[in-house]
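Below is one structure, written out as structure tokens; comments come after it.
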Amino acid sequence: MFASLYPLLLLYLPITTFGQSVPAVLCIPDQCLQGYSNTTIGVTLSSPTTSTPIKLLPGVYTSTTNPQLLHNALISSSASIATSAGFGNSTSLTLPLNLGLQSGVSIYSGSLYSGQAAFTDLPSSPIVGASTAIEARAIGLASNVWIALNAGDASNRFIVWDPVPDTSQLPPGSQGSLSLTDIQSSACTPGCAASGICTSSGTCKCSPGFGGTSCESCAPGFFGPKCQACPANCDTCDEGITGTGRCLKPTLANDPAKCNCKNGVCGTNGQCTCNAGFTTGNDGTACSKCSPGFFQTSNGDCKVCQLGCSQCSDSTGECTQCQSGFSRDDNDSTKCDPPTQATSGGQICPDGSFGNGGQCTRCSSTCLTCTGGTSNDCVICSSGLYTLNGQCVSSNSDGICQGTDFIADNNKHECDTCGASCTKCKLPNFSVASTVDQLQCTACLPGFFLSNGKCVASCPAGTTVSSQDNLTCIPCDPSCTTCAGSSTFCLSCPNNQLASGGKCVQSCPSNTFSSSGACLTCHPDCASCTGGSFNQCTSCPSSRPVLTNGRCLPTCSKSEWFDTVSSTCQPCDSTCASCTGRGSSSCLSCSSSTQVLRGGSCQAANCQGNPNVVPGLGVCLSELVVQTRPSTAPPLPTITGIDTPTTVVKSGRLEWWQILLMALGCAFIFLVIVWLFRRRQKKKRAQKTALFSAGVAVNRGPTSWRWRLIRFGEKLFGHRRSHKAQPTIVHMGPLGYQQESEHSMLLKMRAAEEATTAYHPPNTPQRPPRPSTEDVDMIDLIGSYNMPEEPRRTTYYFTHNNRSAGNVNHQHQHSAAARHSISDDSSQFSEPSIYSQMTGAPRRVPDPRQPVKDSTSRWSAATFDLTELKKKSRNPFRK
């Protein structure tokens, strides 16, 4: 427990007054001062941006920290830091830099955190009864750490929560020779018990043997106020904080459970040796059922079957299988009767003889009754002999069959077992009149104890296991009601007395409490108690003097002090953040950030340049820097930017709302582009529809993107250049099938329509004239165009019936040979699909027709102006 204080033992340093002779720049966030200083707390920042190293005091430093001098040094790519005691060992600089003392305490040989320094971390185990003298002029503390100090003697104990820049400014009663008695973290709520130490992460680390959330109890296998380990060769003892440590279950060297054994002993080779009469059970557990020729009693013992019976039932012992030649007894189901011995003439032989042909012959001398003349033919052995595995054996004076651990049963005339838990037994003063109920065990299976000749799992009340053999149950001394270990170590007492430490007393001594007729020790946190828990204290020891809700704590809260007269916590004066007693002159630290400690009182700091003291140091920055040049000190170098506010050039990083506006703008532009594209496509479709209704051939020249794509593929794969074929129409004329260009056919169709319009002016009803042959041809052509199309092939085919010139009521019909196909996908009669244009393969389904919305005739002169059609016939896909 003293190991954690070894660094502090090095602090027997001579107190030296250090002159302020070192040029330095001291900085806290947002303020820097240049002057002469010997302060060693914090870290030293070195940067090529300044010729003088910068001393950084505790605080949080970022890339926007003022002044400009500090900002430039912090963001410099080649900046490095040198740490002091308690501030880590890292030399890399990463922003933001959260600079603070590690969890522990640092001590300085000079006031205002100057001179030689030493640091100790939080101890790894509780400090109990330790006191280390320290010589220091300043004390630095982490934000979550407190220390307990004694000023002079142990009675003058006080708690320090905040750094002390000058120990000479402590209250008068707290100055002088100081000793460190405890150091802990305040991060644990509630606090740890005396056997635990609070870590910086807020958890309690327990001493060996202790357990629980607050280290308030003993771990399994440990007992007593100090949580000692249970005795050796003991699996279970009277454990716990209030336990006595007496062994309840000794360690079994040959425990049957270790080799899956029930009624036997485990050997050193891991094999189980069964008690007599037992064998391996059906579930694989060794020695768990009775061997053939034995049956299991209600007590769990395996006993031998009656003579002549080779198998019998458990519990009842009824014979289920007789030996060869034997038969079930009609009066006793547990027995099998031997065959009747008689001569060949039918004469019954007396006991001791057997039938041997025509006469009876005497049995062997070892047999009382027999079925033959040898000793192996005995049914019942002679007096003093007992049957064992078909032979007759004798017994000794303890009734033990010769060469075995079996006992002689005078009723069965057999050698029988001792019992399940009994490995050895005897019949004291054995004679022919002895019975098996006189059996006494002399040895037991591991885990059983001898009590009055029986093997029991635990000694009965009023007895205890002898410490001499750990086997025999011995009676307690008359002064004890119950005892343990020895007959005189009392666990309970008669006549309303209390057992305390194995003795019977009238009342419990101090630091103990009464429970179930015994005096048990209080929890180690308590001086006196009503129970064994750590929250049942009624008074506290000096190391943990504060009694709160039944618990003894080492300290009051930060803003309170402990009154030893009333043993209560009292509030500090309003000017004090922490204190040692009543009044404004007992402060250890100040509650106001504009005050500093002066002789135990909080007074105005009067800091230069900043009204507040340095957080975590309790001193003005101007107190740590001397502006006047000492006679032996070099002049201060010229430094720029020490009073200049930081100007930060913002990076090009966009704010979230700027990113959102840009995303919305991009989405709007995309929607506008889509709308314009759809509008253009709609206009193109309308233009193509108008051209189609006007009968203009839409020429998809080789300059369209489709033909350029085809040409690129031909060049890529070495194909010869393709040429676009002009559509032709084959129709049945007066001279048979005739081939004619599509454009020529369109001109004829227009001429026919104009002739019809001239003959029948619009809105002039009159009798139609007889159509000419050309009119009939045009009507047939138009009719064939309106018929559903077949799959496209290379040419159009049109046919019509011969009609007479005078036939007024002419009819138009298509023969079976009337068929048409398209020789090129650029035909004006039907727009070919992109698939047909790209692959050259015809569509497998009929092409949809384009509606004609113009109410005027598409073959009229108004819509079939050649000059205008040539303008409109420009391929809309051609760029």
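The backbone N, Cα and C atoms fix where each Cβ goes, glycine too.
In TrEMBL this protein carries:
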SIGNAL    1-19  signal peptide
DOMAIN    184-216  domain 'EGF-like'
DISULFID  Cys188-Cys198  disulfide bond
DISULFID  Cys206-Cys215  disulfide bond
TRANSMEM  656-677  transmembrane segment
REGION    755-776  region 'Disordered'
COMPBIAS  762-771  compositional bias 'Pro residues'
REGION    802-879  region 'Disordered'
COMPBIAS  824-839  compositional bias 'Polar residues'
COMPBIAS  844-856  compositional bias 'Basic and acidic residues'
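Distant neighbours of the domain 'EGF-like' (184-216): 103, 122-126, 128, 142, 144-146, 161, 222, 226-229, 523-525, 533-534, 543-544, 551-554, 558; these residues of the same chain sit at least 6 beyond its ends, with a Cβ under 8 Å from one of its Cβ atoms. Contacts of Cys198 (disulfide bond) defined by a Cβ separation under 8 A and a same-chain sequence distance of 6+ are given as Leu122, Gln184, Ser185, Ser186, Ala187, Cys188, Gly191, Cys192, Cys204, Lys205, in order along the sequence. Confidence in the domain 'EGF-like' (184-216), given as mean pLDDT, stands at 91. Counted within 10 Å of its Cβ, the other Cβ atoms near Cys215 (disulfide bond) come to 24, all protein chains included.
Proximity of Cys206 (disulfide bond) to non-local residues of its own chain (separation of 6 or more, Cβ distance below 8 Å) is seen for Ser195, Gly196, Gly212, Cys215, Ala219, given in sequence order. Summarising the environment of Cys188 (disulfide bond), the number of other Cβ atoms within 10 Å of its Cβ, over all protein chains shown, is 21.
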